[in-house]
Structure formats: structure tokens, C-alpha cells
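Notes follow once the structure below has been shown.
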Amino acid sequence: MRTLWIMAVLLVGVEGNLLQFNKMIKIMTKKNGFPFYTSYGCYCGWGGRGKPKDATDRCCFVHDCCYEKLTDCSPKSDIYSYSWKTGVIICGEGTECEKQICECDRAAAVCFGQNLRTYKKKYMFYPDFLCTDPTEKC
């Protein structure tokens with residue numbers, strides 16, 4: 001019973017925006033964000049440092065930079081509206097923050113889709129301690 005309670009708390013703790021971002025990734029790549037993009041390279045997932053390992057990791061670096069510019073927003077928790085039709089994601093109405101967060105997520109999902117051919121399994125679950133190059137600036 002305790003395990004079920006812990007799982008429920010963890011599910012509630014998953015930010016709405018991250019679930020939306022996962023759906024966008026699925027639309028553009030046909031892959032789930034979890035696990036394919038949650039700990040890929042040096043920038044996909046929480047935090048980031050060093051130099052992006054490849055084009056997919058660069059998508060995550062740019063996404064992190066996009067979020068960084070949203071100083072008065074909560075990009076990991078604000079819920080936004082969007083729709084899609086034949087592989088095109090369209091950000092909907094909402095607050096300025098919601099629209100900007102949606103655009104950051106949309107751009108990253110599109111970037112992932114454009115770089116599917118160069119995705120390397122060796123960078124899945126890449127250990128942070130191997131990200132030793134100087135960190136790039138946004």
C-alpha cells in the first residue's frame with residue numbers, strides 16, 4: 001500500500017508541462033520523451049553542462065536556453081494549450097508565459113524530429129561526469 005501511495009505522489013508531482021512536452025516529442029519523433037530524451041547527452045534532462053554531444057543534444061541545449069530567457073515564467077509547470085495536425089504543432093492561446101513556453105517546447109520537438117537520423121543510442125543515459133568540456137553560453 002505504501003508503494004502505491006508513493007507512486008501516486010510521484011505521478012502528481014510530474015509537472016503538467018513536462019507531460020505536454022513529452023506528447024509533442026511523440027508527435028514529432030514517434031518516440032516517447034521518456035526514456036529517449038530524458039537523460040540523453042549532456043543537456044537532455046535536468047540541468048546541463050559541457051558541450052552538446054550531437055545535434056539532438058544541441059536541441060536540448062537550445063531548449064534549456066529558451067527556458068532560461070523566461071525569467072518570470074514557470075516553464076516546467078505552467079500548462080499551455082496547443083494542437084497538431086499532420087505533424088505540425090500549433091501553440092494556442094494563453095498568457096504570454098504559456099505561449100512562450102509552448103514555443104520553446106515546440107521548437108525542441110521539431111528539432112528532435114529533424115535530427116532523428118543522427119540520434120545515437122550511446123548517448124542515452126549519458127553520465128554527467130563525462131560532460132567535462134567548457135560549458136557553452138546561450
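Each residue's number is its place along the chain shown, starting with 1.
Note: Cβ is positioned from N, Cα and C throughout, glycine not excepted.
Feature annotation from Swiss-Prot assigns signal peptide to 1-16; the stated evidence is experimental evidence.
Cβ neighbour count for CYS42 (disulfide bond): 26 (other Cβ atoms within 10 Å of its Cβ, all protein chains included). The secondary structure of CYS42 (disulfide bond), as reduced to three states from DSSP, is coil rather than helix or strand. Residues or ranges marked as disulfide bond in Swiss-Prot (evidence: similarity to another entry): CYS42-CYS131 (among others).
What Swiss-Prot records for TYR43, GLY45, GLY47, ASP64 is Ca(2+) binding site. Taking a C-beta cut-off of under 8 angstroms and a sequence separation of 6 or more, TYR43 (Ca(2+) binding site) has the following same-chain neighbours: PRO52, ASP57, ARG58, CYS60, PHE61, HIS63, ASP64.
Of all Cβ atoms in the shown protein chains, 26 besides its own fall within 10 Å of the Cβ of CYS44 (disulfide bond). Residues annotated as disulfide bond in Swiss-Prot: CYS44-CYS60 (among others).
All chains included, 25 other C-beta atoms sit within 10 angstroms of the C-beta of CYS59 (disulfide bond). Mapped onto three states, the DSSP output places CYS59 (disulfide bond) in helix. The feature disulfide bond is assigned by Swiss-Prot to CYS59-CYS111 (among others), with similarity to another entry given as support.
Summarising the annotation, Swiss-Prot assigns active site to HIS63 (among others) and lists similarity to another entry as the type of evidence.
A C-beta separation below 8 Å, combined with a sequence spacing of at least six in one chain, links CYS65 (disulfide bond) to CYS138. Per Swiss-Prot, the feature disulfide bond maps to CYS65-CYS138 (among others).
Summarising the annotation, Swiss-Prot assigns disulfide bond to CYS66-CYS104 (among others) and lists similarity to another entry as the type of evidence. In three-state terms derived from DSSP, CYS104 (disulfide bond) belongs to a helical segment.
Taken from Swiss-Prot, the feature disulfide bond applies to CYS73-CYS97 (among others), supported by similarity to another entry. Just so you know, the Cβ of CYS97 (disulfide bond) picks up 15 other Cβ atoms within 10 Å once every protein chain is counted.
The DSSP secondary structure for CYS91 (disulfide bond) is strand. All protein chains considered, the CB of CYS91 (disulfide bond) has 19 other CB atoms within 10 Å. Look at Swiss-Prot and you will find CYS91-CYS102 (among others) tagged as disulfide bond.
The active site annotation in Swiss-Prot covers ASP105 (among others), and the record cites similarity to another entry as its basis. The number of other CB atoms found within 10 A of the CB of ASP105 (active site), across every protein chain shown, is 26.
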Alpha-carbon spacing, GLY47 (Ca(2+) binding site) to CYS59 (disulfide bond), which is rounded to whole Å: 14
Distant-in-sequence Cβ neighbours of CYS104 (disulfide bond), under 8 Å, six or more positions away: HIS63, CYS66, TYR67, LEU70, PRO75
So of all those recorded positions, CYS44, CYS91, CYS97, ASP105, which one's Cα sits nearest to CYS111 (disulfide bond)? ASP105
